[in-house]
Each structure stands twice: as structure tokens, then as C-alpha cells.
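Data block below; observations after.
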């Protein structure tokens, strides 16, 4: 029985993953994923999260961003997380598993948020990549449009939004749409984001409501 060969790209990814200082640091500190360092760096620069805030985390699993947000907002705050994938419980985080494009799931998510409005909407959502840019980019842009639509539904005036976006077709139009809704918009590329990745993070503050 022959061993299944890894593709060159998957072999490279595996090597990068296990050599990655952020992966190793996350394990050492008991963090859910290396993604926590991205939101930590954004927080250090932009101070989006504060004690007592209500936060929605879209595409939350395995929970790195929720874990970080819960620590910052503290017992007086709330983190409501949603993902298609399961996520182990985190203290201070209310997790809903499901697809919020479905009415029943969206209503359940809104029920957990209301009657409050949300101070910060976070989205680290990404599609399952097919390795074909013409397929992957529209899927990725569709998800970030959903995240922006969530802002329109639940974000309080002067609230903030942080979203992972992949540069490519539709990116410039999306940035313009975010600028139409927020007073200040910045584009961040955290040190912990792999240099060859097309991902950047749009950080938007001062929701115009």
C-alpha cells in the first residue's frame, strides 16, 4: 500500500505551521489559535475593545478572538459568538452553532443580542479555499458582505467593526462601502499574518448608524 503523497503546497503549509512562532506561542499560552495574536495586535493599536462592551464574533471557531475579547470586556461585558463549526465553551462567551444566513439561526443570534445594541462586530470568517482565485475570492467577499450587513442590523451608533478581507476583486468596492458607514477606516496587516497571505484586516470606527 503506497503512502499518499502531500502536494508541494500542503507540505509547505505544514512546515510553516509547525515552524511558526505564533503557533508555538499560542500552544504555550493555552490560546485557541494563532489568530488571537492578530486581534491582540489590532487591539493594541486601535483600542476597539473596552471593559463592559457587548461584542459579536462571526466565524468564531476555534475561539481565539472570542477568548481574547472575553478577557478584555470582562464580567460586565458580553461576547456572542457564532460559527458553522462547533466550538468548545469559553467563560464569558455565549456561543451559537449554525449558519446565520438561515432565518432561524439569525433570529436566535439576535435574541441573544437584544435588547442591547452591539459595541463591536468582529469577523474572522473565511470560506473553505478551493485553491482557485476566481472561485475563492467571490466566496470570501460574500462573507465579508454578510458581516457588514450584520453591522447594519445590530451595531450601536459610534460602534466599531473589524473584519478579515482578502485583497483581490471586489476589495476596493468593499472598502468604499465600509467608509460610507464608518467615520474612520484603517487597513491593518498584523505581524502575525503570514506575509504571503492576501489577508488584511479592515478596522472601522465611528459607525454612523
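In case you wondered, yes, glycine gets a Cβ from its N, Cα and C as well.
Record check, Swiss-Prot: S-adenosyl-L-methionine site residues include 63, 65, 99, 124, and the candidate from 46, 83, 111, 136 also listed there is 83.
Counting only same-chain residues at least 6 apart in sequence, those with a Cβ under 8 Å from the Cβ of residue 124 (S-adenosyl-L-methionine binding site) are 35, 38, 39, 57, 58, 59, 60, 64, 65, 164. All protein chains shown were included, and the count of other CB atoms within 10 Å of the CB of residue 164 (active site, proton acceptor) stands at 24. Under DSSP, residue 65 (S-adenosyl-L-methionine binding site) is assigned to a helix (H, G or I) in the three-state scheme. Cβ-based neighbour count (10 Å, all protein chains) for residue 83 (S-adenosyl-L-methionine binding site) stands at 22.
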